Amino acid sequence: MPDNSEASSTVDESAESLAYKISLAVILSVITLATTLSNAFVIATISQSKKLQTPANFLIASLAITDLLVSILVMPICVLYTVIHTWTLGQVVCDIWLSSDITCCTASILHLCVIALDRYWAITDAVEYSKKRTPGRAAGMVATAWVIAISISLPPLFWRQVKAEELTSCSVNTDHIFYTIYSTFGAFYIPTLLLIVLYGRIYVEARKRILKQSPKKVGKRLTSAHLVTNSPGSVASTTSLQCGRHDTPSSDTASSTSENQVKVTVSDALLEKKRISAARERKATKTLGIILGAYIVCWLPFFIYTLVVAICDTCFNPELFDFFTWLGYLNSLINPIIYTMSNEDFKKAFHKLVRFRCCGS
């Protein structure tokens with residue numbers, strides 16, 4: 001009887017473990033697929049809409065390409081490794097996967113810095129920067145981000161030794177504390193400090209514009225005036241101005257003056273334009289806050305834990321490390337959603353693209 005109960009318990013545990021692994025594989029696969037599709041749609045939307053083909057949107061498309069690479073080169077293999085917790089793909093694939101992981105994730109983070117820098121220059125030096133804001137300049141900024149990302153991912157390849165026995169785990173060696181500090185600060189802490197400073201300056205500048213555009217003073221209206229002959233009044237808001245003279249007018253002159261009125265029509269066109277502009281600034285500022293918040297929530301736990309593990313070997317927990325890793329990958333799914341949903345032109349172009357695809361099929 002004890003043998004049967006032990007066997008039954010083992011079978012139950014095995015079934016629970018299998019169900020857990022299948023559920024985990026399904027959830028992670030859905031996240032991976034959603035990341036691939038959302039970033040692919042951003043790229044397709046920009047490529048199909050000429051209105052969206054601007055230097056600023058070129059940076060967003062480049063970010064989408066980077067996040068797409070994360071979802072294709074990094075996340076599928078990570079699904080397998082996270083579920084079975086054993087590396088079965090060999091040394092070469094391990095090296096390529098780790099390099100792709102570090103390079104693409106770092107490039108994605110640095111793209112956020114590039115976009116923030118572009119936005120900062122556009123809002124603080126609009127006139128001059130509009131002349132410099134070219135596709136070539138955007139390409140240079142993107143190339144710089146990739147060079148920095150590659151420089152962070154390459155060093156582990158130089159000290160990795162090929163093991164004679166079969167490889168059962170694949171992770172970055174945390175024994176090199178100086179590389180851990182170099183990589184974490186280069187890939188996260190310094191870019192994050194830059195993002196906070198830039199978004200802080202952008203927020204302050206946006207607030208100044210909003211306050212400046214808020215119509216608080218009376219008399220700041222756009223008016224148009226024209227002479228109306230023999231008009232007793234107007235349905236529109238008008239003001240009748242008598243053409244006064246210093247000399248005493250005769251009865252004929254007074255009659256003529258009263259018949260000739262100047263209609264001053266008050267127009268709120270300028271005020272409405274300012275209100276729309278202020279609303280856009282508020283929305284842009286709110287979007288920046290959401291982007292920064294999502295980025296910090298997704299990546300901060302992973303990079304704090306990476307530094308802790310480098311100092312404290314006994315602090316490593318595989319499940320916790322996997323959770324923080326996937327939380328970071330989730331940022332590649334959030335990025336296209338935030339950037340597209342906060343932009344009306346993107347939403348219109350996206351709906352048009354979807355309708356075109358549906359009709360075409």
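Positions of Cβ are set from backbone N, Cα and C atoms, glycine also.
Per TrEMBL, the feature transmembrane segment maps to 20-46, 58-84, 96-117, 138-159, 179-204, 288-311, 323-342. If you look up TrEMBL, you'll see 38-339 marked as domain 'G-protein coupled receptors family 1 profile'. The feature region 'Disordered' is assigned by TrEMBL to 230-259. As annotated by TrEMBL, compositional bias 'Polar residues' applies to 230-242.
Tertiary proximity for the transmembrane segment (288-311) is limited to same-chain residues at least six positions away from its ends with a CB under 8 Å from its CB atoms, namely 109, 112, 116, 119, 174, 177, 180-181, 184, 187-189, 192, 195-196, 199, 202-203, 320-321, 324-325, 327-328, 330-331, 334-335, 338-339, 342. Outside the transmembrane segment (323-342), and at least 6 residues removed from its termini, the chain residues within Cβ reach (under 8 Å) are 28, 31, 34-35, 38-39, 41-42, 45, 60, 63-64, 67, 70-71, 74-75, 78, 82, 105, 108, 112, 283-284, 286-287, 290-291, 294-295, 297-299, 301-302, 305, 350.
Outside the transmembrane segment (179-204) by six or more residues, the chain places 102, 105-106, 109-110, 112-113, 116-117, 119-120, 123-124, 148-149, 151-152, 155-156, 172, 285, 288-289, 292, 295-296, 299-300, 303, 306-307, 310 with a CB less than 8 A from a CB of the stretch. Outside the transmembrane segment (96-117), and at least 6 residues removed from its termini, the chain residues within Cβ reach (under 8 Å) are 56, 59-60, 62-63, 66-67, 69-70, 73-74, 77-78, 89, 141-142, 144-146, 148-150, 152-154, 156-157, 170-172, 183, 186-188, 191, 194-195, 198-199, 202, 288, 291, 295, 299, 328-329, 331-332, 335.
Along the domain 'G-protein coupled receptors family 1 profile' (38-339), the predicted structure has mean pLDDT 79.
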